[in-house]
Structures are given as C-alpha cells and as structure tokens.
2 protein chains.
Amino acid sequence: MERDKLLMTPGPTMIPPKVLQAMSRQIIHHRTKEFQAIFTEFNTKLKTVFDTKNDVLTFASSGTGAMEASVANLFSPGDKVLVGTIGVFGDRYVKIAKAYGLDVDVISMPWGQALDPEDIKKHLEEDVDNKIKAVIVTHNETSTGVTNDLEAIGQVLKGRPQLLVVDAISSLGGIPLKTDEWGIDVVVTGSQKALMVPPGLSFASLSDRAWDAVKQSKLPKFYFDFLAYREKLNDNDTPYTPAVTLIIGTNVALDMILDDGLDKVYARNRRLAEATRAAAKAMGLELFAEPTHASDIITSIKGPEGIDVEKVRKIMNTKYDIMITGGQGKLKGQILRIGHVGYVDQFDLLKTLTGLEYSLAEVGYPVQIGSGVTAAEKILKEGV
Amino acid sequence: MERDKLLMTPGPTMIPPKVLQAMSRQIIHHRTKEFQAIFTEFNTKLKTVFDTKNDVLTFASSGTGAMEASVANLFSPGDKVLVGTIGVFGDRYVKIAKAYGLDVDVISMPWGQALDPEDIKKHLEEDVDNKIKAVIVTHNETSTGVTNDLEAIGQVLKGRPQLLVVDAISSLGGIPLKTDEWGIDVVVTGSQKALMVPPGLSFASLSDRAWDAVKQSKLPKFYFDFLAYREKLNDNDTPYTPAVTLIIGTNVALDMILDDGLDKVYARNRRLAEATRAAAKAMGLELFAEPTHASDIITSIKGPEGIDVEKVRKIMNTKYDIMITGGQGKLKGQILRIGHVGYVDQFDLLKTLTGLEYSLAEVGYPVQIGSGVTAAEKILKEGV
C-alpha cells in the first residue's frame with residue numbers, strides 16, 4: 001500500500017503532521033494582527049534556537065540566499081576573507097565570495113576531515129595587518145558528514161578583529177551551536193533541515209560588530225538588504241511579502257523543538273548518530289568521516305569494495321520507500337549518507353538500517369541480517 | 001462562528017482548497033522522479049500562462065527577489081536604463097536599479113495615471129546613441145489600481161535595441177499578457193497573486209536577446225544567477241533546494257487556471273472589476289484610477305470627504321471578516337483598494353460590496369444600502 005517516503009536525507013527532512021496541518025489552513029494576510037502575533041512569537045523562539053540575544057532576520061529563500069546575503073551585506077569589493085572549506089558547502093561560500101569580487105583566502109581540508117583551528121590561527125597570525133575582514137566556515141558539512149569544532153574556532157577568533165561567519169544551514173537546531181557564547185558574528189541557516197519545515201525560508205543572526213560591518217558594506221543588495229529587514233522587524237514586519245505559510249509552519253515546529261528542549265533534541269540526534277555509526281560498523285562498513293569530527297546530523301559511510309552504492313540507494317528507495325543520499329561532487333558513487341536530524345525517531349532509524357541491510361544483501365554484500373539493527377538497538381534502548 | 005478571512009487584497013490572495021491540500025501532503029525530496037515529474041509539468045504550464053515559448057525560471061523568493069534578479073543578471077555597473085513608474089512598485093524598480101549602480105532615467109506619472117507610450121518613445125528617440133539598454137515598466141500597479149498598456153509600450157520598443165523588462169507580479173495570470181507577441185524580453189512575477197499560491201515563489205522568463213544581455217552582465221549575483229537556473233532546468237533540476245511545497249501547490253493552481261482557460265480567467269477578472277467599479281459609483285464613491293487604464297486586478301476608490309477610510313477597512317475586517325487594503329505610501333488614508341484576482345468569484349465580490357456598504361453606513365457615510373450590490377449584480381448576472 002502506498003506510503004510516504006521516509007526521508008533520511010540531510011534536507012528536506014520529514015515535516016511533522018502538526019506543522020503540515022498548520023500550513024494547510026487558509027492563508028492569512030501578513031499585515032494583520034493575527035500574523036503579527038505569530039511573527040512576534042516566531043522571532044522570540046528563533047532567538048532561543050539560535051542561542052543569541054540578537055535579532056534573527058528571516059528571508060523567503062533557500063539557505064544559499066542567506067549565505068549570499070551575508071557576503072553582500074558585510075563586505076565591499078576587494079575585501080579579503082578567509083574561507084575554511086571541508087566540502088561542497090564550504091566550496092559554495094568560496095564561489096559566492098568570489099562572485100562578489102572579494103579577495104578570498106582558502107583553507108581546504110581533504111574531504112572527510114574537519115578544519116584544524118590551528119590552521120586558521122596561523123593564517124590569521126601571518127596576516128599581520130589584519131587585511132582579512134572575516135573568517136567564514138561551515139558548521140556541519142553535509143556533503144562529507146563532518147562537523148567542525150566551532151567552539152574552538154570561536155576561541156581562535158576571540159579578541160581578533162575578524163568577524164566569524166558560519167553556515168549553520170544543516171546544524172542549527174540539530175547540534176549545539178552557542179552563537180553568542182562562542183563569539184559567532186553571523187549565523188545563517190535554512191528551514192528544511194533541523195527546523196523540520198519545507199524549504200523556502202532562510203535566516204541570519206548578526207552580532208553588534210557584524211551590524212557595524214553592514215553599515216560599511218558597499219556591495220550591491222536589495223532583496224537581502226539586512227538593514228531593511230532589521231528596520232521592519234522593529235515594527236514586527238518585513239520589507240517584502242514574507243512566505244506566510246512557511247513562517248506559520250516554522251512557528252509550530254519551533255514549539256515542538258522548544259517543548260522537547262534543545263538539549264534533549266541534541267542528545268537524541270547524538271544518540272541516533274552513535275547508533276548509525278555502530279550499526280554501520282556491525283555491518284562491516286567503514287565510516288567516511290574522521291571519527292573525532294563525525295557529524296551527529298548525518299552519517300557518511302564508504303561504499304564497500306565492488307558494491308554499487310547507487311544501486312543500494314535505489315533498492316532502499318523503490319522497494320522500501322526509504323530515501324538516503326549518496327555522495328555529492330567528487331564523492332558521487334563512493335559513499336552513502338544517512339541523515340538523522342529533525343523529525344526522526346529511533347524507529348525511523350531502525351527501519352532505515354533494516355532497509356540498508358536488506359538492500360546490501362540484495363546487491364551481494366555479505367551483510368549479516370540483523371547485525372546493524374541489533375548494534376543500533378543496543379544504543380537506542382537507553383532512550384533519548 | 002469563526003470563519004476564514006476573505007482576502008480581497010492584491011496579495012496574498014485566497015488559496016484554493018485543492019492547492020492547500022496538495023501542499024499539506026508529507027514532503028517529497030526534490031531529487032526524485034516524483035518531484036521531477038511534477039516539475040516538468042509545472043514548467044510546461046508556466047510557459048502557457050506566461051504565453052511564451054521561452055523557459056520560465058523559478059526562484060524561492062518573494063517577487064522582489066525576481067525584480068532584483070532581472071537587474072543583477074541583465075546589466076553591468078553604470079548601464080543606463082529607463083524606468084517608467086506610476087506608483088510604489090515602479091518606484092521599487094528605480095530603487096533596485098540604483099542600488100546596483102545603474103544610471104537610471106525615470107518617467108514618472110502622477111499616481112492614478114498610466115504611462116503614456118509616447119513619452120517612452122520620445123525619451124528613447126532623444127537617446128540618439130542608444131545609451132539606454134532597457135525600458136523597465138510595471139504592468140499592473142497595485143498601489144494605484146492602474147494598468148499600463150503593455151502592448152502599446154511593446155510597439156514602441158519594436159525594432160529598437162532596448163530590452164523591455166516587465167514587473168508582472170500582480171498581473172500575470174490575471175489579465176492578458178502576451179509575452180512573446182508583445183515583444184517583452186523579461187517578465188517577472190510572484191506566486192501569491194493571480195497564481196493563487198502562498199508567497200515564496202518568484203518567476204522570470206527571458207527572450208533570446210535577454211539571454212544575450214545576461215551573458216554580458218558584470219553585476220554580482222549568485223543565488224539569483226539566471227544562467228545557473230537555466231543550466232539546471234535542462235536537467236529538470238534547480239541549482240539550490242527549491243521550495244518543494246510551493247511548487248507542488250503552484251502545479252495544482254496552474255491546472256485550475258488552465259482548466260478554466262486563460263481567456264475565461266481574464267474575462268472573469270474583467271467582469272469582477274467592472275462590477276466593482278459600477279458598485280462604487282452606485283454608492284456615490286469616486287474611482288481613483290483614470291478610467292481608460294483602471295486595473296481589472298484591483299480597484300482603487302477615493303475616500304469620500306470627511307470619511308476615515310481606515311476605519312471603514314477596520315470594520316469590514318473585524319466585523320465581517322473581509323479584508324481589503326488601503327493606500328500605500330502617499331495614498332495612505334486616502335483610498336480603499338479591492339482586489340479581485342485569483343480564487344475570487346462573484347459571490348466573494350458581492351459579500352465584499354455588502355460589507356463595504358455596511359461599514360460605510362456605520363461611519364456615517366450616506367450610502368443607500370443595496371445600491372452597490374445591485375449595480376454589481378446587474379453586471380455579474382451575465383455570467384463569467
């Protein structure tokens with residue numbers, strides 16, 4: 001019988017029925033007391049999830065729009081920035097910065113590894129005149145399943161004039177991210193991952209010194225002009241028609257996250273990740289990410305020698321209605337990636353691991369049926 | 001008993017239940033055959049509604065995003081453009097062009113009037129070296145309720161090197177717009193008006209010569225980079241995560257529009273507009289827009305001497321759950337605007353006119369109860 005596909009992807013992630021329901025009501029106009037009451041609540045909850053005292057701006061766009069916005073709003077042509085990249089999404093920030101005519105220094109790690117905060121430190125120390133205006137890093141790189149140590153990178157930046165700009169599109173609301181405490185100046189994220197809402201919203205928070213940079217910026221912008229959004233936010237409004245239904249959905253999803261409690265959400269994702277890693281190992285599979293920085297949002301698994309991982313994915317998808325993802329860019333055909341963030345519980349994960357066992361067996365990989373699931377269950381039964 | 005507000009606003013407009021239902025399904029991933037099948041249909045139908053053989057690009061953003069995109073993708077710093085403005089949204093194009101460092105000539109009409117194509121002709125003839133690269137106009141100006149004669153403006157541009165760029169955010173799908181036949185090079189629109197979908201999607205179509213301009217453009221862009229969208233469109237894909245649910249909703253809404261037939265939709269809106277204008281006059285009210293160019297999307301009505309129109313709106317909204325809009329910018333407090341586009345039928349309009357009669361009476365305006373409704377009914381009973 002037809003079933004919804006179980007999305008164990010890094011995004012879009014599954015939408016909770018309560019969120020779908022809230023979004024399926026007849027639309028309300030954004031210039032009404034009813035919407036403004038929702039927008040006020042929504043903005044307050046966003047600050048809690050961002051772990052910041054600063055305003056969070058909301059845009060009708062994909063996450064990439066907010067990445068671009070951070071570049072267009074903070075810098076001027078020729079400004080120097082340092083981008084630390086460990087995969088597809090770090091590379092995207094390099095491309096955006098170059099598209100806007102910035103002078104881009106790049107620290108790039110082999111895929112599967114995290115940034116070494118010492119490398120950033122050294123690079124900044126060599127920049128004796130502080131030509132570098134900002135350090136831009138990805139918090140969680142979904143293309144490789146690696147999480148950077150943002151707290152340590154924040155430590156490196158402490159007391160330095162450079163802004164710290166973070167792509168937290170896949171991480172915010174899924175793993176700890178202490179925006180103010182870790183000294184992060186700009187955090188950008190999107191709706192379709194840990195926030196459990198369809199794609200179409202992006203967000204950005206800015207520190208006071210980031211706002212100072214905005215005032216100096218000479219790059220052209222209009223739709224993503226941060227100052228216009230901040231000004232309207234004071235009136236509980238947006239400069240352009242907001243994506244009303246997605247905001248209403250996010251407002252409900254944020255309640256679900258905060259009712260659970262951020263710490264509980266983080267703990268659940270961590271345990272789901274541990275269970276996934278243990279299951280992979282029990283199935284005789286090798287993990288792709290370096291163990292010290294393996295992501296709690298998404299687990300990357302190397303394709304076993306001689307096994308067509310795209311075929312494995314296809315069987316999971318068509319036969320068992322479970323969608324996981326493969327490799328992006330140069331990792332295409334080489335890895336499998338299982339997302340475990342957002343509206344995902346242990347039974348979703350166990351179903352996924354079962355489907356993985358079946359599908360690996362079907363393509364001739366010598367998996368012991370039940371091995372992965374058993375290993376995961378042992379971890380999951382401790383409860384999350 | 002609680003009822004959904006009837007939105008007789010220029011946008012967001014009411015969402016048909018079938019569209020809400022389609023959007024309330026569990027989300028599907030955009031990189032699946034299921035979504036790609038929808039996306040293919042959707043793109044074909046969009047071309048029909050745009051009345052063009054060219055590709056239509058879809059962005060996750062408000063309509064303003066597509067306006068900005070047209071500027072960032074077509075021009076280079078210092079390029080000269082001519083913007084014809086007749087209200088708030090024409091002025092917005094001026095601001096965007098200036099934000100991107102263009103050299104902007106402006107033809108501006110008193111609010112309530114349409115552009116005179118002769119003025120554009122004269123301005124272009126005075127530009128003997130063809131320094132002007134493009135003429136940018138609003139098709140339907142919602143702030144004033146005036147529709148420009150786009151066909152005549154297209155005639156002026158015929159055989160000239162300037163591109164014709166049109167903001168059709170409130171008009172496309174609501175009133176006739178023959179993109180290819182009228183020689184319009186770029187048409188931008190949004191989801192939340194005649195297309196009957198929540199805000200969050202914008203669209204742009206480009207002629208071959210507009211694509212030539214895109215290749216010359218040196219302004220920075222990334223998220224709205226037209227070439228990236230066109231390249232991915234060839235693979236039935238988008239460069240960044242699309243707003244999946246809104247695309248699914250639009251796909252259903254486009255079916256509804258095309259099942260009705262564009263001509264029937266246009267005829268209905270025209271008749272609703274005629275009925276609204278007749279009703280206003282029968283109530284002794286004065287229309288704001290010049291009669292020859294009154295919009296069939298939205299009717300603007302002057303506030304009668306001594307009557308607080310904002311209070312009228314408030315009564316309609318709180319007592320009768322009917323939302324119309326007031327004046328924007330310098331027209332605030334001076335006019336009322338009734339939208340009649342999208343998922344609106346004659347009974348929605350008659351309800352609105354009834355509410356308007358009641359509310360005007362309540363603030364002391366000497367309206368003859370039933371006068372507006374009767375005048376409208378006489379026109380509407382001919383059927384649409």
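Placed from the backbone N, Cα and C atoms, the Cβ positions cover glycine too.
Marked as domain 'Aminotransferase class V' by TrEMBL: A:7-328.
Proximity of A:Lys193 (N6-(pyridoxal phosphate)lysine) to non-local residues of its own chain (separation of 6 or more, Cβ distance below 8 Å) is seen for A:Pro10, A:Gly11, A:Pro12, A:Thr13, A:Ile169, A:Ser170, A:Ser171, A:Leu172, A:Gly173, A:Gly174, A:Ile297, A:Val341, A:Gly342, given in sequence order. DSSP gives A:Lys193 (N6-(pyridoxal phosphate)lysine) a coil state; it is part of no helix or strand. Sequence annotations record features per position, and here TrEMBL assigns N6-(pyridoxal phosphate)lysine to A:Lys193.
Taken from TrEMBL, the feature substrate binding site covers A:Arg337. Non-local contacts of A:Arg337 (substrate binding site) by the CB criterion (under 8 A, 6+ apart in sequence, same chain) comprise A:Thr9, A:Pro10, A:Thr142, A:Gly145, A:Ile298, A:Thr299, A:Ser300, A:Ile301, A:Ile324, A:Thr325, A:Gly326, A:Gly327.
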